[in-house]
Structure formats: structure tokens, C-alpha cells
């Protein structure tokens, strides 16, 4: 419609003017006399990208953010100096680590909420356990390195690394205590009431014990291998696995000796280009030997007690189904036929692998008396990154990072709370663990086993009702995706609207004879990715396919390495990322030959190209064939892959070059309008708000009277509602069935209502150390819908938490006479209603032309 064209063009011109001012500060809109490609911004020198390509590798020096490398000096603006001065003022900022622990506490509150269905509560408890594992590996690991090397340097909240570790330890001890109190006192008893029973082989009936023993002898005994620990270094055990520590002493009767299969020796050499955590990683572990055999045939005097370890590994399932305990059969009533281990209405019984092995542990040690056998678990430091200045081969370097991570220091030790002092002291000494990060666990270690219970079949009444993703009314299954996008921009809200159109677009492109090229960035993908399959199929059919595969995506490195190799073999031109930066932008470009010429079809997103997590994460997709956006996307992609000087983009914001400046300019614009008596308003939704410069800019906007509403799911270092500093700032967090992952931003902009989606949170790593995109939402209907959706997040009174000035959170409840409102449920019902309305509903509203 004409209205849409007029509004779109007005938005473009405003974006173009801002881009000129952003890229060329001090120049008028027509003075482009600043050298292109040498854009200066706080934190860095001028940048050109240097990609790691699959065949040709660049060895030019580049900025590196690796652990242990001294950062380059940079010219700081007056604004930046102001922020650094403010950062020393502790009351201005919440500590990042404690803010994250507040987030995990909100997830734990979901597990503690009786209004949430039982298996969903179990799932939330499992999530808190998984979250805490990653926090310990990454954040605690990083702080321990800082405590050793950083001296007394303080973070923006005013704490040293040592002080942060002390605060984290205290908070985590309370968090873990609360997890297990909830498990013992509520969840396990409630599960038992619904006939989902966790069985301890030491306390069960003879019938269940017989079934447990059959499983142990048939499926477990032959797989596991104990390792002796007498007079030898502790074996190199994997992190996050469950292991059994066994305390032994000589028995009165010596039974037949069994020699368990020897474990493979481990090569602990560490590549010179990797940051090491301590000298302990250079120790060479000794393979386990027969527990009873003396070394080299020499006689040995056995000590009074010995220790052995049994790694349970990951081959065997941890949750072991057992027969259901059936009630006595009444006389004259025929028993019902059922599968003893199927989770039907009659129930489900299970034992944990560590309990099973502990009960029958004597079988591994004939001739020895077992004093005690207790499970333990270690967490290793995962904050090890490639020092890219010394890595000529990124793929090989990342494989070495994975190996080094496997051998890194232990940052946390979890032990069964009933372990005796000998086992406890032995483990602490063996792993050289900081005592404040030793956790005595009164219950099963590693609560992620509860995920398995959440997936039990036949327990639907204990889970949330299904909300199947809906097809967008803008997409007709009978027509090509190219036709649908040609009719106008399509915005999808996942997971309420299906991610299938994104997958379908790539699958159609792979076989369409008119498609000439496909360009794709992959950060995290699924295990059997249809998107990767489509890229390989396109390359095999002779299309020009380029994929940037970010090998440095933490904890997905191994999968991405595997995909990169497979795609190369299929003929895809693979780029391994950019030296010194992580490529985190979500963009796909398809170049298609059409009667009017070449057309670029582009997908921009806030989430990963992962069709599995797209059903669990709240994200935004925009599908467009807009010429200017397509041109910008191509220039962005060429800059990333071609080691060329980035050119100014008309509409897209790009980190680490211009995105920070653009965000600050947008906030500053609202500040200036408010000072001039106009209405200033900012609504922003993101995963984390950490950057002190952005926070300081928001404080200034608040002091000028700008209304600021922030929906921050996780870490928020800003203090809202502080008189004289942030009185007009409101921060809420939504924790519900879907993970809130979208980054969307609204600026009133004098009534123009500018909307953006982005791959970037407002964190230093996103703005300065990653390749990210900020994408304007130009289509008027999409812009209106996105703005209304953002506003809904501040009406939730069921699963919303409002942040307090001290960094704590209060759960929002309906006020008197206020109806309950749950934003995720509301969004899903809206999508269902839109789907029912259909694609060809008559226009019911009219939009007039308005002057810019």
C-alpha cells in the first residue's frame, strides 16, 4: 500500500541520517570525507576484519581478547572516561556475578511454586543445577584466574576478584541448600504421591532388589572399571561426571583376583598457545593397575586403608527403570496386565546408577573390605580460550582448547554429605580445591537427572499443556517461500510461530535452479541440523555456498568443528570466524535470479539457527527481500569473509564498529528531546545489561525525565528507582516456560516509534568483542506489532519480577480488581487467533499518510 511505502521511506531516511552521523561524527549528512573503514570508537583502534578461512589463513596481528593477553591501549572519549570514573562508585552498579545468582534464584522460585505443574517444577530445578554448573565453569573459573593475576583490581561494583569469590561461595551454599530442601521435602514426596518413586537399593523390597541386581550384573558390572589410588596421583577424571570414591582395607579372606581393564594413559601436554591455569595440569597421571598386584613383583606392605575410584562415565544411563511396586491383589479381583517399567497410570519406579553401584560395590573388590563408598563430582575451569596471536590453524587450535579444558584445574568439588572425614579430606587434598567451593550435598549429585523424569510418557497431567508452534498467516504452504516474502516483509515470533519457514527457505533454496548463492552464519546448531544439510545439498548442486562457522562458540566447539569439516567435504566454502572476535550475528542471504534481476532474500534473527531450541526460546525472525537491507547484509558479509575494510552501512548497525555508538546516540536522542520538553521513551528487551557506558547513558536519560522500561531476563547491573539517578527506570524479568531470548529495542524518537531487533545484548563482549547486528524493523505493521508485544511484558503479573534498587527482585502479583495476565500465554493465544483469522482477512483498519 502507498501508506506502507511512505512510512517505510521515512524510516529509511531517518536511519540513513543517523548512520551518517554515527559513522562520521562531526560531519554533516553530505560530508563523507572521513576515511572509510577506519572508524574509531571507544575501546579499539581502527579495525579491518581478518577471517580464518578454510584454506587461506591470515597471520596478520589482530586485537585479541584471550585470557592472559594484555589489552591494547585505546583512545577513550570524554564520555568513556566519565563512565570509568563512575564505575569506581560502587552504589551505581550491581555486581555481575551476584546479579546472575539472583537470576538463578528466580528460576529456583519457579521450581518452588506450587501453582506450577509437578514435572515442570522438577524441570526448573534441573535447569538451576545445569545453570550453576556453567556458572562455576566459566565465571568462577575466570575469577580464580583474576584473583591470581589481577591483584587488587576492582570490578564496577567495587569488589576485587577475591571478594567476589567469597560472596559467590556464601550465596551458592545457600542456593544449594535450598535446592535440596525443595527436592527432599516437596518434590520427591509429591512425585511419590503420583507413583513416581526413586528407589534406594539399600532400602527397597526384595522384589525390587532382585531386579536391581539383575541390571547390575547384566549391564553394569562388565562396563565399569575401578582405579586404585594407593601411592599414585589421582587419575584425570572428567568434569561434571559422577564418580564413586571407595575406602577399602584388607579383608580377612582373599578371594579370586580380577584384573579390570587398564585405563588409557593420558597425554597432558598443553599447547604453547593456550592459557594454562596451574602447574598441576602438567602432571602425568598413572594408569590404574590391578588393585591387589604389587608393582614390578615387589612385595609391598599394604596400608590400613586404601582408596579407589570408580568413574561412572556417560555410557550407562543414570536413571534405571525398575518394576513397579504393586499393591496387594484383593481376593476375587483379577490383576490388570501392564508393562512393569512403562510410565503409565500405575506409576514409575527408578534407581540412580550411583546408588545401584554403591550397593553392589563389593563385587569390584574381592578380598577387600569396603569401609565406605560415596559419590563425588568435580567441576573444571572452562575459561580457557585460544590465544589467537599464536594460532595459525584455528581449527587445530580449538581442538587443543577442548583438550586443555579437559585437563584444567578443579574449581568446585561436590561430595555426598554423608561421606566420612577420611574420604572428604582425601578428595579435597587430591584435587587441591579451595575449601569455600567444596559443597556437601544432602541428596543426589547433579540434579539434571530430573530432565529424564520430565520426559516420562503417560504423565501429561503433570506437565504443561502443549502449545504447538503456529503457522504464520502470512505464509501459504502451497506457495514458495520466495513468493511469500516477495509479498512483503514477514516477522515471526518464536516459539509461538513456527521456525519451519526459516528451514523451508533454505531447503527450497538448495534445490531452486534460480538460486545462485547462499551465505550463512552459524553460531549454534542442532545435532542433526536440517539447515546444515540444506547448505551441503546446495553446494553439491553447484550453488555458491559460504558459511561462517564460529568455532569459538563456548561448549559447542566440538559440534561446530564436526559440521565445518562435513560442509567443506560437501563443497561449502567455510570460514572459521574472525581473528580476535566471535561472530554472533544471525543472518542468512540467498541470491536468486528473477525476471527483474538478482534479488537478495535475507533472514535476520535474534536467535540461533537451531530448529530444536527455536521451540523453547523466545526469539524474533524477519524475512525480507528489501533492496537496501539486502545490500547492507551483503556488504556486512563481504567485510566479514573478505578481510576487507568495512564500508558504511545504510541501515544496519554492526558491532564492534558502530553498534555501541548507535545505541548511545539513540539513548542520547531521547535524553535531548526530554530536556527540550518533548516526551522521551525507551523500551528495551534483552538477556543481560552489563555495559557501564550504556548504563551511565540510561542514568542520564532518566535524570532528564525519559521513561525507561527494561525487560532483562538475566543479569542486570543497573540500579533502578534510585532517587536522583534512575527514578524513571523500571526493570522487570520474566521467567516462564519459554526462555526469553529476543533482543528488541524501542525508541519513541519524537513520535516516529523506531523499532530494532538485534543479536546483541548490552554487554561489553557483545558491543566490543563480537560481530553483531542491529536491524531496524521498517515494515509498519511489524513495527506496530513488535511495539505492542514489548508493552505486554510490563503487564505480566504472574511470572514477572520487578528489580529493586538493591538488586533484589519482588514477584509481581495482580493488584486489587486486576485480572491475572501472563505474557507468554497471551502471546500464544494471540498467535492462535491470528492463525484462525487466516491470510486473506479483509482490511479492518486504515492508516493515513503522515508527514515525517
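Cβ atoms are placed via backbone N, Cα and C, with glycine included.
What Swiss-Prot records for 1-36, 58-82, 251-303 is region 'Disordered'. The annotation compositional bias 'Basic and acidic residues' is assigned in Swiss-Prot to 20-36. For 58-67, 270-289, the entry in Swiss-Prot reads compositional bias 'Polar residues'. Among the features that Swiss-Prot reports, ATP binding site is placed at 131, 617, 713, 741. Annotation source Swiss-Prot lists region 'Insert' at 258-303. The feature Mg(2+) binding site is assigned by Swiss-Prot to 524, 554, with sequence analysis given as support. If you look up Swiss-Prot, you'll see 584 marked as active site, phosphohistidine intermediate.
Listed in chain order, the extra residues whose Cβ falls within 8 Å of the Cβ center of the ATP site residues 131, 617, 713, 741 are 618, 687, 714, 739, 740. If you compare Cα positions, the residue listed as 'active site, phosphohistidine intermediate' sits closest to 524 out of the binding-site residues 131, 524, 617, 713, 741.
Ranked by Cβ neighbours within 10 A across all protein chains shown, the recorded positions 524, 584 are led by 584. Site extent for ATP: among the recorded binding residues 131, 617, 713, 741, the largest C-alpha separation is 16 Å. On a Cα basis, residue 524 (Mg(2+) binding site) lies 20 Å away from residue 713 (ATP binding site).
On the backbone, the CA of residue 617 (ATP binding site) and the CA of residue 524 (Mg(2+) binding site) stand 13 Å apart. Summed and averaged per residue, pLDDT over the region 'Insert' (258-303) gives 38. Residue environment of residue 131 (ATP binding site) contains 17 other Cβ atoms, counted within 10 Å of its Cβ in all protein chains.
With a cut-off of 8 Å between CB atoms and residues at least 6 apart in sequence, the same chain places 606, 607, 617, 618, 619, 687, 713 near residue 741 (ATP binding site), listed in sequence order.
The CA atom of residue 131 (ATP binding site) is located 18 Å away from the CA atom of residue 524 (Mg(2+) binding site).
In this structure, residue 131 (ATP binding site) is part of a helix by DSSP.
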